[in-house]
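Below is one structure, written out as structure tokens; the observations come after it.
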Ligand SMILES: O=P(O)(O)OC[C@H]1O[C@H](O)[C@H](O)[C@@H](O)[C@@H]1O
């Protein structure tokens, strides 16, 4: 049901929310970066990532004059997309303040990752239990998660705070676990629109909420400020591992704590 027509972002995949996450600020929802065409960065400044044995592409986004009217700052946003031999996907963002007027800028950020799941009612998220979160469905009020792993039986839109660097999504029915590893991104947004909101979205099938879950590595609660010349980095790595959680062969704690 996604609509592949610019300038709106395509629903699905990993939209990049920058310079604003959601409606946490005056800009359009999720900022403008997800609605822009990026260029290939043919000669990026080197940075230490382990890209040997992996395929990668470097992309760059710089603000247009129109963007500068919305957000009056000059920046270079470099994105390296790396694919490992086992299918692991790594995204590394480097955002640099290139303002010539000496002004710092402040932003929030998220990798708005859509995961495909067999049945949302059978999915568990491990790594967020007992954490504090801001509930977008309750005026961004702060609560503390109780109990075990997160499961789903209604609409959810929460920003978990100070999360571990590793989060797992266990798909019982598909016997598959997605592992998210992140760096520089302390928060994790968990979103499923459920039936009513799904129906209200033009680019979202009425029943598609049953087969998706967004878990988004993010920096929202504490916005990031960069002075001219400063650079921020935020990394997310995704991998899928076979799991048979239901038969007890794979202990979710081992997924979280193992390498
Ligand atoms: O519909 P979009 O602009 O893509 O946003 C989709 C969702 O993104 C995030 O997960 C937010 O927390 C939600 O409040 C929002 O509904």
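Glycine too: its Cβ is placed from the backbone N, Cα and C atoms.
The structure displayed is predicted, hence computed values, not measured ones.
Feature annotation from TrEMBL assigns active site to 112 (among others). Counting only same-chain residues six or more apart in sequence, the Cβ atoms lying under 8 angstroms from the Cβ of residue 112 (active site) belong to 14, 15, 16, 17, 30, 34, 189, 214, 216.
Per TrEMBL, active site is recorded for 216 (among others). Residue density at residue 216 (active site): 27 other Cβ atoms are found within 10 A of its Cβ, drawing on all protein chains shown.
According to TrEMBL, the feature substrate binding site maps to 11, 29, 34. The secondary structure of residue 34 (substrate binding site), as reduced to three states from DSSP, is helical. Counting every protein chain shown, the Cβ of residue 34 (substrate binding site) has 20 other Cβ atoms within 10 Å.
Here the binding-site residues are 11, 29, and the one whose Cβ sees the fewest other Cβ atoms within 10 Å is 29.
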